[in-house]
Amino acid sequence: MGNSISKVLGKLFGSKEMKILMLGLDKAGKTTILYKLKLNKIKTSTPTVGFNVETVTYKNVKFNMWDVGGQQRLRPLWRHYFPATTALIFVIDSSARNRMEEAKEELYSIIGEKEMENVVLLVWANKQDLKDAMKPQEVSDFLELEKNLKNQPWCVIGSNALSGQGLVEGLSWISNNTNVPKK
């Protein structure tokens, strides 16, 4: 019943649909985030080899979320997922301070690509529940986004994939900062 009502409202008022590419280093929490958003539960996962695709609906917006494996040997394949991307979610394990430079290099190699220059960028500073986690502002400062992304909308939001903290806020920010026509 509720599903049919949302379909009718979607037809009346229009709904947005967008491709979200979720990337980041291995063990950052991408797959945990995806299934927390989709199922509202923690799904035991192994390192993603390849990709997972799920549709998450939030406030009349369909997010077709592509979670692509982050192991070093898979990163050269990321570019094959760039076409038609509306927003990039880059997930960072904010407690892994020793991997921040590597994460920064990978992020800039992605957003430096022609196909990605007009996408909005959300960085989820994940694992905020851990003691040594960098705060979102620290992550933002380290990544130097304000200095380097003058013409691209971006935001850093603290998240905790296990509790769901920051996840809805991230989807809301993407929805409010993209210009996708309603269907």
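Using N, Cα and C of the backbone, Cβ positions are placed for all residues, glycine too.
Annotation comment: Swiss-Prot describes Gly2 as N-myristoyl glycine, evidence class similarity to another entry. The annotation GTP binding site is assigned in Swiss-Prot to 24-31, 67-71, 126-129.
The 10 Å shell around the Cβ of Val68 (GTP binding site) contains 20 further Cβ atoms across the protein chains shown. For Gln71 (GTP binding site), the count of additional Cβ atoms within 10 Å of its Cβ stands at 12 [all protein chains shown]. Between the binding-site residues Lys27, Lys30, Lys30 has the most other Cβ atoms inside 10 Å of its own Cβ, all protein chains included.
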